[in-house]
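Asks: The structure follows.
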Ligand SMILES: N[C@H](CCC[C@H](N)C(=O)O)C(=O)O
């Protein structure tokens, strides 16, 4: 079966984007995992499917590298908005997301963040502004759902944290019944953060759009700063804006690397 796909990325968080409105594609967790594999497949952090929508410009389905379908993906949303002509409403499991292109930057409104323990979700009630939990040097995090679940730890030096070791422990802790995206952040200036993410279902990525949104919201909610917040990740910088009662906004680049066609019958 010939499959046409776009290889894209948002600050190095990379995607295989398949437009299922123009070709018949039956995506399964197994096929998503196989295509995402960097050694035996095409290779990406997330596999993205564009489908028709009755309520938006298009529907976007998101499959992590482990094959699991999830609610939201900020960097991929910018890529899909740019593919759809630079202005679009994108339907996801995490909500309807409005995006527009301003200069070379794609700006997307995610949802209004949710902080209730059972909206993160957590396995039991606790204050999500200062969660009384810890894993080695990572303690006292903020829990927030921006369409998908995130925990945010503030640390003195993000580069000194063994996130490759602590990330998987936290991601799969029973406290998080849907697992969790793990973010660590360091204040490097007024309204300026440096952060790294261990993503649910993927691992360490060069950038995480929803992670940056969750981290910017967490810093503002903690009173560390006000929006807009500049956030530096290993793959580059996003600007996050939010105030209580509003959707969180993320602005940054979307890169279309190439379009190709592949015979994927070996995967079926
Ligand atoms: N790993 C995330 C999905 C992708 C998030 C990230 N790539 C982004 O840009 O938001 C999750 O399981 O919720």
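Keep in mind that glycine also has a Cβ here, set from the backbone N, Cα and C atoms.
OK, TrEMBL features for this one:
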type	residues	note
ACT_SITE	73	active site
ACT_SITE	73	active site, proton donor
ACT_SITE	208	active site, proton acceptor
BINDING	13, 46, 64, 74, 75, 148, 181, 199, 200, 209, 210	substrate binding site
Asks: Quiz question: given the active-site residues 73, 208, which has the greatest number of C-beta atoms lying within 10 angstroms of its own C-beta?
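Replies: Result of the Cβ crowding comparison: 208.
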Asks: For the residue listed as 'active site, proton acceptor', which of these binding-site residues sit within 10 Å, Cα to Cα: 13, 64, 200?
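Replies: Cα within 10 Å of the residue listed as 'active site, proton acceptor': 13.
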Asks: For substrate, what surrounds 13, 46, 64, 74, 75, 148, 181, 199, 200, 209, 210 with a Cβ no more than 8 Å from their Cβ centroid?
Replies: 45, 62, 70, 72, 73, 76, 197, 202, 205, 208, 211
Asks: Compile a sequence-ordered list of residues in the same chain as residue 75 (substrate binding site), six or more apart from it, whose Cβ lies below 8 A from its Cβ; state 'none' when nothing qualifies.
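Replies: Listed in sequence order: 9, 10, 11, 13, 15, 207, 208, 209, 252, 254.
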Asks: For residue 64 (substrate binding site) and residue 73 (active site), what Cα-Cα distance in Å is obtained after rounding to a whole number?
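Replies: Approximately 10 Å lies between the Cα of residue 64 (substrate binding site) and that of residue 73 (active site).
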Asks: Which residues of the same chain, at least 6 positions away in sequence, have a Cβ lying under 8 Å from the Cβ of residue 210 (substrate binding site)?
Replies: 72, 73, 74, 110, 146, 147, 148, 150, 181
Asks: Identify which of the binding-site residues 13, 64, 181 has its Cβ surrounded by the largest number of other Cβ atoms within 10 Å, counting every protein chain shown.
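Replies: Counting every other Cβ within 10 Å of each candidate, the maximum falls on 13.
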Asks: Output, ordered by sequence, the same-chain residues six or more apart from residue 200 (substrate binding site) with a CB under 8 Å from its CB, or 'none'.
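Replies: Non-local contacts for residue 200 (substrate binding site): 64, 68, 70, 148, 149, 171, 179, 180, 181, 182.
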Asks: Using DSSP with the three-state reduction, classify residue 181 (substrate binding site) as helix, strand or coil.
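Replies: In three-state terms, residue 181 (substrate binding site) counts as strand.
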Asks: Please report the three-state DSSP label of the residue listed as 'active site, proton acceptor'.
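Replies: Once the DSSP labels are grouped into three classes, the residue listed as 'active site, proton acceptor' ends up as coil.
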